[in-house]
Amino acid sequence: MKIKHYPGKAVDASLSLEGSSAMGALYEANWLRAANQPAAPATTGTKLSRQSSSAGSSFLIEGISALSKYQMTLENIRQLELQSRDKRIASTIKELSGYRPSALQHHQQQQMHNVWVAEDQDQEHEELEDASEGKEKLASIQEPPAVNHYVLDPTERPRVPRPRQQFSVKPPSLRRSQTMSQPPSYATLRSPPKIKENLSKSSSAYSTFSSAAEDSQDQVVICQQPQRLMAPPPREPPPEPPKRVSKPLSRSQTSVQRYATVRMPNQTTSFSRSVVRSRDSTASQRRLSLEQAIEGLKLEGEKAVRQKSPQISPAASSNGSSKDLNGEGFCIPRPRLIVPVHTYARRRRTGNLKEQSSGGQEEEAEKGKGWKDFYVLSQDRHSSFYINRIGQNYDYDYPINFNIFSPDGRVEVSREGKYLSTLSGAKVLGELAILYNCQRTATITAITECNLWAIERQCFQTIMMRTGLIRQAEYSDFLKSVPIFKDLAEDTLIKISDVLEETHYQRGDYIVRQGARGDTFFIISKGKVRVTIKQQDTQEEKFIRMLGKGDFFGEKALQGDDLRTANIICESADGVSCLVIDRETFNQLISNLDEIKHRYDDEGAMERRKINEEFRDINLTDLRVIATLGVGGFGRVELVQTNGDSSRSFALKQMKKSQIVETRQQQHIMSEKEIMGEANCQFIVKLFKTFKDKKYLYMLMESCLGGELWTILRDKGNFDDSTTRFYTACVVEAFDYLHSRNIIYRDLKPENLLLNERGYVKLVDFGFAKKLQTGRKTWTFCGTPEYVAPEVILNRGHDISADYWSLGVLMFELLTGTPPFTGSDPMRTYNIILKGIDAIEFPRNITRNASNLIKKLCRDNPAERLGYQRGGISEIQKHKWFDGFYWWGLQNCTLEPPIKPAVKSVVDTTNFDDYPPDPEGPPPDDVTGWDKDF
């Protein structure tokens, strides 16, 4: 989608229009006319008579656009010009919140403007009577004559000539965010007279505006420099002059279309001149269609000067929308706010970074979030960036492209009114927009004419998701055709497909040479290869056969036989592409994982039934609140006890239903309840029972009064090797339990690790946990920026391997006190993550074995991460860094923890911060019924 933005200062939330905007001048003129000259409002359309019958009749209905009070469409603006004495305009504009045209501040200095001025009637009649003489005169000033003539409607008010004013070539002083450049789509003259060489005269500017779609005849279209109009004093209408009939010029007087650009000091003013050589009598045959115009743009897009000027077809004009000379839709000038403001603090924000408003619905092909009927500046979010028309919301990433009229397209970056930098050329703006929804960090203002190529977030993510799924399915089908792979499980095939690397060979290249040693296996994905064998007696290569797409070779190398028995030569003229996997990677992935996956199948079933039986009769009214343990995104966590039992306490998590619905987190809440309700692991916080009412959802959970691991890390600065090893081992055990059930956690960080009274760590907050189908991936962008894996950022799909990445990040943070990937804002953090763990300098206090484990966990390729390979998570437990660690004692909770928190009683909350009561009060009721199964 190609979006055209026009230069000018960024518009604030009150929609005060700048003087460099032609539409701003129109608003101002209409506002002043309506306020000073009351008249009866028109309720019917005004018919514009034309000479040509092929053009048809055009009706413009007066009124204000109902789609938004902040802008009027071009057709309505033109109607207001025809019905200039409409009292309702003033009252309508006054209703706009905070709207006051900036020209009401009567500036003493009038901005420079270029308008075509009508000559004396006698001169024009003289010119039209003598066509050949007119042609010579026009040629002398290098300006083509008009072809779009018509008979004036007697019901129309004639234009009142105004005193001509000279303008200086020197433009007024410009601020950094202003420009004097203007694209050729703001104004068109309906009845242009003879054109003088002197362009420094003014007339009743903007009172003769007309759209290309309304003028069905060929026309001279002129690009004017927008100006700030000063309101003329009220005057009596003069008597109507006699009707004037313009004579059409002959074909011999027309010239070929061309563009010209006039450069002035400190500004760029483009004038578009076009005259079509007519070869047919009908207007439809003389005009280029919109499709031809677009095709012409594609062919001529790289040229500095275009050779043809496309016109708009009648079909296009029938839609009621105006088109400019470039074949693009006429757009009312819009704000150019592009980039977001991200609230960033050490208390890291975790969330569904893909779409805060949607709650990250985990469907693999999420639909758009709809649109809201308000102007973009009232919300200033990426998810509601105004692009095409009022009422549509898009999520865009903006690379700047060069403009044919302005090769030096530039934008200005500012924050809170302070200038930061100027960008030009092939720069990218709004990178975060295609990842997730967040507030803008800066203001981007077009200071020259720019062409922007935009991509919508949902479109980008859908393309990435579908491309990944198609590639995965294609690679899996290739593997199933190989005898040594056909009996492997589906998830194993998917793992192998993830590590296949595509390599390319040119015609004549030897992919494999007979007698050479190799450990790689090949699958042909494109092209053909020739198989030959060198005969020992003649040393000549004997042709064996041809192999094509889907065929494979080198399979014996995976089984240990590394001596090549034939030559494989690229035969296709376009080259050959092969999918390659080496023996080491293959052996790491291929194993019998059934024992690991089913280790916990029958464990804890009896204990879960016992818990359900014990808490079956407990009601919400049986609980009394002792203190507040924490405050979350949807509510609070309270320390509670049951009536009549002071020997134990629980954590009651209460979540506001209305806020859950507002942020569309229903699916995540239901998933959290399901996963925690089925879990029975001593390294995961237990869920005992759930409640609900009209306002809240409640989760009665195990209380961990030792506090957050983050609090201890903050106080100590960092942990030593032994302490880090213990807490990492607790997380490994929790991941072992979850991953054996194909559950991905996706929110690991010290803030989500709670210590119980003994000092053992437990995972809490399963809001982003998800149960995956075997061998499948998910595409939701969620988590904490410092812990997000590269495949999540790149939208390639992720699975449990993303948890192993975050485990390596956690190890680094526990050993040093800070995560390895940290930037001043999320985008900088993501860029550091994409550079990889090898670009990170490890402090000296990290031992060699710890560094080795972190780097193996944080591999860029998910399939190469330790824990995701052949031995599963046991490969982590067997790593040298864990040598001598008492895993059996940890699993049975007999191992002494390195830090034992001070907990005096079951209601001791000294390890938690103090929290005030909820200042917002009770939320509104929610009776939609989405939580019936909670």
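Any Cβ shown, glycine's included, is placed from N, Cα and C.
What Swiss-Prot annotates here:
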type: COMPBIAS; residues: 121-131; note: compositional bias 'Acidic residues'
type: REGION; residues: 121-287; note: region 'Disordered'
type: COMPBIAS; residues: 175-185; note: compositional bias 'Polar residues'
type: COMPBIAS; residues: 218-227; note: compositional bias 'Polar residues'
type: COMPBIAS; residues: 249-258; note: compositional bias 'Polar residues'
type: REGION; residues: 301-327; note: region 'Disordered'
type: COMPBIAS; residues: 308-324; note: compositional bias 'Polar residues'
type: BINDING; residues: GLY430, GLU431, LEU432, ALA433, ARG440, THR441; note: 3',5'-cyclic GMP 1 binding site
type: BINDING; residues: ARG545, GLY554, GLU555, LYS556, ALA557, ARG564, THR565; note: 3',5'-cyclic GMP 2 binding site
type: DOMAIN; residues: 623-882; note: domain 'Protein kinase'
type: BINDING; residues: LEU629, GLY630, VAL631, GLY632, GLY633, PHE634, GLY635, ARG636, VAL637, LYS653; note: ATP binding site
type: ACT_SITE; residues: ASP747; note: active site, proton acceptor
type: DOMAIN; residues: 883-934; note: domain 'AGC-kinase C-terminal'
type: REGION; residues: 910-934; note: region 'Disordered'
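Overlay of Swiss-Prot feature records on the structure.
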residue	record	contacts (Cβ under 8 Å, 6+ apart)
GLY554	3',5'-cyclic GMP 2 binding site	VAL512, GLY518, THR520, PHE521, PHE522, ARG564
GLU555	3',5'-cyclic GMP 2 binding site	VAL482, PRO483, ILE484, PHE521
LYS556	3',5'-cyclic GMP 2 binding site	THR565
VAL631	ATP binding site	VAL637, TYR915
List, by number or range, the same-chain residues at least 6 past the region 'Disordered' (910-934) whose CB is under 8 A from its CB atoms?
627-631, 636, 656-659, 661, 666, 669-670, 673, 690, 692, 694-697, 705-707, 711, 755, 901-904
What three-state class does DSSP give LEU432 (3',5'-cyclic GMP 1 binding site)?
helix
In whole Å, how far does the CA atom of ALA557 (3',5'-cyclic GMP 2 binding site) lie from that of ASP747 (active site, proton acceptor)?
40
Taking every residue in the domain 'AGC-kinase C-terminal' (883-934), what is their average pLDDT?
89
Per DSSP, what is the residue tally for the domain 'AGC-kinase C-terminal' (883-934) in helix, strand and coil?
5 helix, 0 strand, 47 coil
Among GLY430, GLY633, the most crowded of the binding-site residues [Cβ within 10 Å]:
GLY430
Name the one residue among LEU629, GLY633, ASP747 whose Cα is closest in three-dimensional space to that of ARG440 (3',5'-cyclic GMP 1 binding site); these are the recorded positions.
GLY633
Excluding LEU629, GLY630, VAL631, GLY632, GLY633, PHE634, GLY635, ARG636, VAL637, LYS653 themselves, which residues in that chain have a Cβ inside 8 Å of the centre of the Cβ atoms defining the ATP site?
GLN654, MET655
Could you tally the C-beta atoms, other than its own, that fall within 10 angstroms of the C-beta of ARG545 (3',5'-cyclic GMP 2 binding site)?
10
Any idea what the Cα distance is from LEU432 (3',5'-cyclic GMP 1 binding site) over to GLY633 (ATP binding site), rounded to a whole Å?
22
Nearest by CA distance to GLY635 (ATP binding site): which of the binding-site residues is it, out of GLY430, GLU431, ALA433, ARG545?
ALA433
Measure from the CA atom of ALA433 (3',5'-cyclic GMP 1 binding site) to the CA atom of ARG545 (3',5'-cyclic GMP 2 binding site) and give the result in Å, rounded to a whole number.
52
If you count other CB atoms within 10 A of each CB, which of GLU431, ASP747 wins among these recorded positions?
ASP747
